[in-house]
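Okay, so here's the structure we're looking at.
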Amino acid sequence: MAAKDVVFGDSARTKMVEGVNILANAVKTTLGPKGRNVVIERSFGGPIITKDGVSVAKEIELKDKLQNMGAQMVKEVASKTADIAGDGTTTATVLAQSIVREGMKYVVSGYNPLDLKRGIDKAVTAAIEELAKISKPCTTTKEIAQVGSISANSDQSIGQRIAEAMEKVGKEGVITVEDGKSLEDELEVVEGMQFDRGYLSPYFINQPEKQVAVLESPYVLLFDKKIANIRDLLPVLEQVAKSGRPLLIIAEDVEGEALATLVVNNIRGIIKTCAVKAPGFGDRRKAMLEDIAILTGGIVIAEEIGLTLEKTTLEHLGQAKRLEVGKENTIIIDGAGDAKAIEARVKNIRVQVEEATSDYDKEKLQERVAKLAGGVAVIRVGAATEVEMKEKKARVDDALHATRAAVEEGIIPGGGVALIRAMQGIKGLKGDNADQDAGISIVLRAMQEPLRTIVSNAGEDAGVVVNAVQASKGNNGYNAATGEYGDLVAQGVIDPTKVTKAALVNAASVAGLLLTTDCAISEAPKDESAGGGMPDMGGMGGMGGMM
């Protein structure tokens with residue numbers, strides 16, 4: 001086992017805070033409409049140019065072990081916020097840095113770190129409640145476009161494309177992002193369905209960079225029981241292999257010998273296959289299998305209708321133009337089912353929605369309607385170069401996540417103003433002791449920081465603007481893009497409530513952990529000095545007598 005360096009108290013915390021500052025200072029240059037780009041070197045190919053906070057954070061590894069620990073903890077803030085809300089990574093990083101920086105001043109002055117953390121947690125809980133009060137639903141296409149535009153670094157065209165896509169496939173519909181083949185962004189809507197089941201083995205993956213299995217023009221076998229014996233499958237596999245097309249198997253489960261054989265055939269290239277579990281449970285699973293059958297023009301192989309796997313022919317299988325199978329989701333694009341049959345199925349489910357008594361049943365039935373009727377929207381991102389394409393695609397992904405978050409939990413005024421307004425509701429908050437009060441004041445100071453950073457990146461005086469915004473009310477704030485004060489919601493400067501809440505919660509969580517850390521253990525640097533080698537032989541002077 002390698003030797004370890006153990007560092008205690010302020011010595012450990014100071015180094016870790018240095019790491020926090022290095023990462024946060026790199027990330028926060030990207031915040032706001034006038035934030036700057038960051039250029040990232042790659043070990044191969046050209047550099048990446050990005051204004052996406054989480055992309056910058058992910059690239060940072062520091063040489064000093066303790067500094068790197070601090071940086072990695074804040075990187076976790078950015079990643080977690082991106083996972084939950086899809087955006088707000090830079091805001092989360094800025095908040096975390098501020099809480100750590102202010103908190104360290106109190107810790108060094110002798111305040112109890114655990115009480116500071118309790119005070120921080122109290123303030124954050126109260127701030128989240130205030131944000132929920134400020135929030136309003138995001139319903140119009142215009143608002144969705146505004147959220148998308150801001151998340152895509154004020155790119156109006158991206159926001160507009162996402163709003164159009166949501167309008168066409170519905171808010172529950174599936175939207176995917178692909179590389180375009182022209183300079184312009186394109187939107188295409190194709191009939192399709194997504195369900196929450198992924199591949200049963202990672203060996204089915206044929207696009208490692210995306211971690212998905214993509215099948216072009218596949219057959220779809222639908223079976224309502226488990227498949228364990230490969231002999232049952234052989235007749236249909238032989239027919240599909242002769243056709244030269246791939247096969248997706250959707251069954252209650254595929255296991256043992258059957259799964260192993262499918263994987264081996266897939267790896268050897270004998271027949272391209274993928275297997276997934278059927279979505280849903282019990283009666284709902286049967287209904288969803290039937291939905292997929294109607295969408296793909298196939299039949300669910302079931303004993304009730306006198307069909308077994310051995311008797312299955314190609315006529316019983318569904319077909320689709322394309323299938324994408326990920327770790328947790330499967331998307332069926334352009335199924336070969338009859339349009340009238342799909343329409344009749346949708347009408348049938350809508351009748352069931354009307355008759356359903358429980359909210360849960362209604363919700364699940366509405367999900368099925370959305371899956372059958374909504375389709376899949378594909379946004380093709382256009383750009384002049386590959387570097388620009390990657391950067392733009394990352395922004396479209398961010399914008400897509402942000403708009404979904406906005407539809408889910410509503411919107412609040414952007415530009416850091418919502419946090420300033422939420423401060424008003426927690427100014428009277430008191431802790432159980434003076435140390436907890438200090439924790440509350442740390443959060444109050446941190447909640448100003450996103451606005452300060454946005455203003456600083458725009459080249460203005462942060463102190464003056466913060467005072468002006470605090471003196472105003474409601475949605476009024478500072479628009480860094482225009483340099484003017486006004487109603488930010490009316491001007492389209494809005495943020496998803498979910499994003500700001502996630503940023504604040506994650507920042508406080510990790511910053512609190514860092515403040516309560518009193519010992520850091522890292523691997524000791526290896527001794528690079530030369531090895532023992534042979535002793536000095538004193539030169540060759542004693543060998544003269546051999547001549």
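In case you wondered, yes, glycine gets a Cβ from its N, Cα and C as well.
Here's what Swiss-Prot has on this protein:
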- 30-33, K51, 87-91, G415, 479-481, D495: ATP binding site (BINDING)
Indicate the candidate from G32, K51, A480 with the smallest number of other Cβ atoms within 10 Å of its Cβ, considering only these binding-site residues.
K51
Cβ-Cβ distance under 8 Å to T90 (ATP binding site), same chain, at least six residues away:
V27, K28, T30, L31, G35, G53, A78
Long-range neighbours only, meaning 6 or more apart in sequence with Cβ under 8 Å: which ones does D495 (ATP binding site) have?
G88, V147, I150, A402, I411, I412, P413, G414, A418
Where among the binding-site residues G88, G415 do you find the Cβ with the fewest other Cβ atoms within 10 Å?
G415
